[in-house]
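Report on the following structure.
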Ligand SMILES: Nc1ncnc2c1ncn2[C@@H]1O[C@H](COP(=O)(O)OP(=O)(O)O)[C@@H](O)[C@H]1O
Ligand SMILES: Nc1ncnc2c1ncn2[C@H]1C[C@H](O)[C@@H](COP(=O)(O)OP(=O)(O)O)O1
Ligand SMILES: [Mg+2]
């Protein structure tokens, strides 16, 4: 049990509707397996999975003007503006707050400032799942995913940019939360089930 989430209730909520929500950040490089593990967590534990990338892709699919601007950023493998993604996550959380057993925030924070702003506007995470795979493993998985995903960012050049940005901007997020004792590092090199057995141990340490 990490600081700030004893008995499943986190302190100092910034939104009344979310004040009793359990929040788990799922952080790892592109292609490390965040989405895959989140699906398995939902299946077994019934948490609410919110993927920042999925929220953004839904906006792009809507064909809105904002979606067009986001698509141009994502195609290059860059980060969209912090306020945009944070507001989308907050709205999605509020919509599910009354029925959710807890939230898996997948793909956020991608930089330390995103974590700070999330805590100011929403609340503190009680666990950070750090999905750790080698760069070569992530690259191979993304190239393979690109054969069928239809994602404009699963292309060789954009994958390279995303990996570089991950090491530069997102890895510091892990060090930032390590100081609070809420980081659980998951070795994501094995099979989906091998990875999930570690993930399940981390989730159960919270119950
Ligand atoms: N443990 C694993 N072993 C092999 N392939 C995996 C594993 N976890 C995920 N994958 C595959 O790797 C790709 C990236 O996984 P995904 O869950 O989309 O990662 P992320 O959300 O971190 O980008 C997907 O095609 C997925 O099926
Ligand atoms: N928290 C965030 N801040 C800014 N941009 C984000 C973001 N989460 C996602 N994006 C944008 C930039 C990413 O390259 C793109 C795809 O994200 P994703 O679906 O989470 O990728 P993946 O699951 O492969 O790691 O969406
Ligand atoms: Mg994903």
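Keep in mind that glycine also has a Cβ here, set from the backbone N, Cα and C atoms.
Whatever TrEMBL says is automated annotation, not expert-curated.
According to its DSSP assignment, residue 145 (ATP binding site) is helical. Feature annotation from TrEMBL assigns ATP binding site to 31, 32, 33, 34, 35, 36, 145, 190.
Positions annotated as AMP binding site by TrEMBL: 52, 57, 78, 79, 80, 107, 108, 109, 110, 114, 151, 162. Neighbour density for residue 108 (AMP binding site): within 10 A of its CB lie 24 other CB atoms from the protein chains shown.
The region 'NMPbind' annotation in TrEMBL covers 51-80. Beyond the region 'NMPbind' (51-80), the same-chain residues lying 6 or more positions past its ends with a Cβ under 8 Å from any Cβ of the stretch are 34-35, 38, 88-89, 92, 105-108, 110-111, 151-153, 158-162, 165, 169.
Annotation comment: TrEMBL describes 144-154 as region 'LID'. Here the region 'LID' (144-154) has Cβ contacts under 8 Å with residues 31, 57, 71, 74-75, 77, 162 of the same chain, all six or more residues outside its ends.
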Looking at the binding-site residues 31, 32, 36, 190, which has the shortest Cα distance to residue 78 (AMP binding site)?
31
Roughly how many Å lie between the Cα atoms of residue 145 (ATP binding site) and residue 151 (AMP binding site), rounded to a whole value?
9
Give the subset of the binding-site residues 32, 33, 36, 145, 151, 190 lying near ligand 2, defined as CB under 6 A from any of its atoms.
none
How many other Cβ atoms sit within 10 Å of the Cβ of residue 34 (ATP binding site)?
24
Of the binding-site residues 80, 108, 151, which one has its Cα closest to the Cα of residue 31 (ATP binding site)?
151
